[in-house]
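A.B. asks: If you look up Swiss-Prot, you'll see 38-109 marked as domain 'PAS', on the strength of sequence analysis. Annotated domain 'PAC' per Swiss-Prot: 109-163, in sequence order, evidence recorded as sequence analysis. According to Swiss-Prot, the feature S-4a-FMN cysteine maps to C85. The annotation phosphohistidine is assigned in Swiss-Prot to H173. Taken from Swiss-Prot, the feature region 'HWE histidine kinase domain' applies to 260-303.
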Amino acid sequence: MPLKGEISAQAGREFDTSRLDLRAIIDPRDLRVDPTRLFLETTQQTRLAICISDPHQPDCPVVYVNQAFLDLTGYAREEIVGRNCRFLQGADTDPEQVRKLREGIAAERYTVVDLLNYRKDGIPFWNAVHVGPIYGEDGTLQYFYGSQWDITDIVAERRKAETQRRIAAELRHRTGNIFAVLNAIIGLTSRRERDVSEFADKLSERVSALASAHRMTIMDEPDQEAVAIDDLVTGVMKPYRNRFAERVTTSGPKIELGPRSVTALGLALHELATNAVKYGALSVDAGRVEISWSREDGDVTLVWQEQGGPTVSQEQSEPVKGNGTMLIDGMIASLTGSIERDFAAAGLQAKITLPVHQPE
């Protein structure tokens, strides 16, 4: 699959006539038809889009185009002749490639660039544009020759291949991250568990939470690289909101997070929700949980606030860290984030701060 620069180089090799002396190849006396007629018939029959422009006229307008040029651009001959070829450019045409083309013309140098142009109907097309000078017998510049080789399909295939390579690399990277987290989950979950059944239940819940968070990072579009925090919170808390109805509320602006932050925050929410159901606000009928988030500079802060739950004693306010707590603290710390817990009498408040953008 040729890359962009290779396409230009290939076109340059195929269409560079800088060392071509037609008089040494064709003797007009040997032709059975008029040279002008031969030129017109040849260029009209070729499938390569060709144009000729006149640098002696203001703005170097096009003075000749062949049928392939009309077919490629969708314009009629009278809509092209008399205009500079730049009218084919549009909003997404690369200025750097245009600059390179203009410099080549100014220097009377054979130049090939890959350019995004636009048909009359507005449809963009990629083409390898070749421009070169045509000199008179006295060696002075007379015209510029231009051709356009449609490479739209080539560019599309190249981009498809690049996307597939990027997806494969991202998949390898994320798979490695997932196995690392799984290893930590298994190790920490088994550390203090003596009952196999309880261990299996906790492990299953945490792996399910990991899977739920990971699904959030699988984008619909190849170039999509972030997940809205609102979607993450809604997805993780859906089972609890279905069960506790309006006792779980969420609020906050639209903020997008990278995949690693999504995984850490998703697991943290799962642990907080599980503990709230077992020991906290969601373990009693009057309890409720408020989840809110905000952004300041490059950080996002999520606040988990429990209210109306069981009274928290002094002993409970200084708990020994459990496996889930150590897992979450470790993941958040690895992202240069922080988590603060306040076991106030009114209910637990957990404040999680993470950088919005994380190196993947």
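Cβ atoms here come from the backbone N, Cα and C positions, even for glycine.
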A.B. asks: Could you please provide the mean pLDDT value for the domain 'PAS' (38-109)?
C.D. replies: 90
A.B. asks: CB neighbours of C85 (S-4a-FMN cysteine) within 10 A?
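C.D. replies: The Cβ of C85 (S-4a-FMN cysteine) has 23 Cβ neighbours within 10 Å.
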A.B. asks: Pull the DSSP breakdown for the domain 'PAC' (109-163) and write it out as helix, strand, coil residue counts.
C.D. replies: 12 helix, 30 strand, 13 coil
